[in-house]
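**Q** Mind looking over this structure? Questions follow.
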């Protein structure tokens with residue numbers, strides 16, 4: 001096979017460096033575009049059938065049409081989720097969309113960190129210490145081994161989280177459409193009713209949008225914690241804020257947030273933030289917010305770039321044999 005070309009959109013410098021380092025090993029010519037893909041830059045690298053996009057790129061039907069006209073037949077998204085792409089329109093136009101299933105360890109480790117930070121009141125402790133207030137908080141932390149953790153979704157990341165939870169000696173409940181590991185699977189309502197901590201690891205689609213809303217929160221244990229390292233719209237933020245304000249939930253740790261594209265990955269130090277939900281959550285001592293960074297490790301970067309290249313090569317090989 002001759003060298004193939006891949007157009008890489010929405011590429012940060014560390015990703016660009018990794019593509020430049022790895023592409024020659026696979027006989028690939030990578031064209032790096034810093035901007036997210038759009039109708040105006042769809043022709044930035046003509047004759048490339050394959051493109052790569054990041055999860056920050058919202059790819060609508062009109063952008064897909066521009067890509068199709070530019071000769072694009074394949075999109076590899078540098079993410080596990082594909083909810084930022086109109087996959088229905090892509091299928092209609094004959095454009096194949098694939099995700100990149102990078103190592104789950106980065107997100108699983110981060111999830112465990114958030115769980116521990118939530119149950120040990122780390123945000124309040126750090127805030128007090130930064131003000132030179134070294135008194136012990138009146139709200140004592142909890143021991144994970146005494147708690148029941150409900151894991152929603154047992155794909156690669158959910159399984160990795162369960163493996164880590166077992167080391168802490170806590171009881172684990174799981175809910176998933178497919179039962180892929182040895183764990184105590186229970187109906188979703190039963191998981192909510194019996195878990196001290198609920199952690200979300202399902203993809204975002206029409207079935208999982210607002211999988212946690214008013215009814216689900218009311219079924220959760222009084223004082224339970226909610227952890228989300230999946231996708232923001234898995235949780236109805238309005239209902240979450242209400243439950244935190246009235247004390248129904250004991251706390252939350254969120255690496256993703258509904259509407260995060262307004263502010264995550266941007267320097268907002270010199271401009272006001274209008275998202276009232278974010279501002280309310282940030283003010284709460286029992287809520288941890290981080291900017292969709294659970295995946296952000298050197299290992300995940302290497303995995304993502306290498307698997308993106310391999311995805312594109314596999315597609316090109318299939319095209320040759322058709």
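Placement of Cβ uses the backbone N, Cα and C atoms for every residue, glycine included.
Grabbed the feature section from Swiss-Prot, which reads as follows:
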ACT_SITE  231  active site
ACT_SITE  260  active site
ACT_SITE  292  active site, proton donor
BINDING   156, 157, 229, 230, 231, 255, 292, 293, 294, 295  NAD(+) binding site
**Q** Relative to the Cα of residue 260 (active site), which of the recorded positions 229, 292, 294 have a Cα no more than 10 Å away?
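**A** Hits: 292.
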**Q** With the cut-off set at 10 Å between Cβ atoms, which of these binding-site residues ends up with the most neighbours? Options: 156, 229.
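**A** Neighbour-count leader: 229.
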**Q** Return the count of C-beta atoms lying within 10 angstroms of the C-beta of residue 292 (active site, proton donor), excluding that atom itself.
**A** 19
**Q** Would you mind checking how many other C-beta atoms are within 10 angstroms of the C-beta on residue 231 (active site)?
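**A** If we count other Cβ atoms within 10 Å of residue 231 (active site), we arrive at 26.
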**Q** Among all the protein chains here, how many other CB atoms are within 10 A of the CB of residue 260 (active site)?
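**A** Result for residue 260 (active site): 20 other Cβ atoms within 10 Å.
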**Q** Enumerate same-chain residues with a sequence separation of six or more from residue 294 (NAD(+) binding site) and a Cβ-Cβ distance below 8 A; give 'none' if the list is empty.
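**A** Spatial neighbours, sequence-distant, of residue 294 (NAD(+) binding site): 106, 107, 110, 111, 229, 255.
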**Q** Should residue 292 (active site, proton donor) be counted as helix, strand, or coil on the basis of DSSP?
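**A** Assignment for residue 292 (active site, proton donor) reads coil.
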**Q** Write down the Cα-Cα distance for residue 156 (NAD(+) binding site) and the residue listed as 'active site, proton donor', rounded and given in Å.
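**A** Rounded to a whole number, the Cα-Cα distance is 18 Å.
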